[in-house]
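> Below are the structure tokens for one structure; questions will follow.
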Amino acid sequence: MSHQAHAYHMVDPSPWPLTGAGAALLMTSGLAMWFHKNSCILMTLGLILMLLTMYQWWRDIVREGTFLGHHTSPVQQGLRYGMILFIISEVCFFAGFFWAFYHASLAPTPELGLTWPPTGINPLNPFEVPLLNTAVLLASGVSVTWAHHSITEKNRTETTQALTLTVLLGLYFTALQIMEYYETPFTMADGVYGSTFFVATGFHGLHVIIGSLFLLTCLLRHLQYHFTSKHHFGFEAAAWYWHFVDVVWLFLYISIYWWGS
């Protein structure tokens, strides 16, 4: 290998972009097969290949940043910009769902009974499970901030406690959301209310699961001494993502659960 006279990481040849693209092709083709042929085999294969690709690719990134020292300050700065742009793209993603909700709710059409919620829809009580979910996510936001301060102060014990608590709160939120879905008196097929409710809250729930896995990975890396008080961007990215999930939930709660009911 030739001498590298700069601080930027030149990525080694990797098969994971190719396997990731193949997994995406299998999953999208499998989704069409599931819809039209009622067969999940192709989508399951794509999902397995995608999970294996994610594991191997992220393992390589951890190895490069933690053990090989490739994540210099300029590289970390680039990763920060990348994470910020990713979160901005997620904001745009959820903005579409809120647009659909407010487009339907602010000017209900005659098909909806000129009222919101539409005629025949019994919305959930915003002061029961949704309010508990709000408290759970806000508490998890506090605990992940506690974990961040503990890392910067080199307090391993409190970092472990705070990260464990955050992951448990994320799992508790997911369990409450599943229970709520089972108890809803309407379905996704019940017009624009049902579709906007389940798509918006469902994608948020998916992001909570992803964020919980992100933080669980950070906890396992922390237990193996991968983070220092100065070098812990993997955790920072997870914390940013988690705070983003918290903020989205507050907008969902105020818009769909409270105002929309």
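In case you wondered, yes, glycine gets a Cβ from its N, Cα and C as well.
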> Both THR119 and MET188 on the same side of the membrane in Swiss-Prot, yes or no?
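Yes, Swiss-Prot places THR119 and MET188 on the same side of the membrane.
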> Does the transmembrane segment (156-183) come near the transmembrane segment (191-223), with 3+ Cβ pairs under 8 Å (pairs 6 or more apart)?
yes
> Where among 41-66, 73-105, 129-152, 191-223 do we find the most Cβ pairs under 8 Å to the transmembrane segment (233-256)?
191-223
> Within the topological domain 'Mitochondrial matrix' (224-232), how many residues are helix, strand or coil going by DSSP?
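The topological domain 'Mitochondrial matrix' (224-232) comes out at 0 helix, 0 strand, 9 coil.
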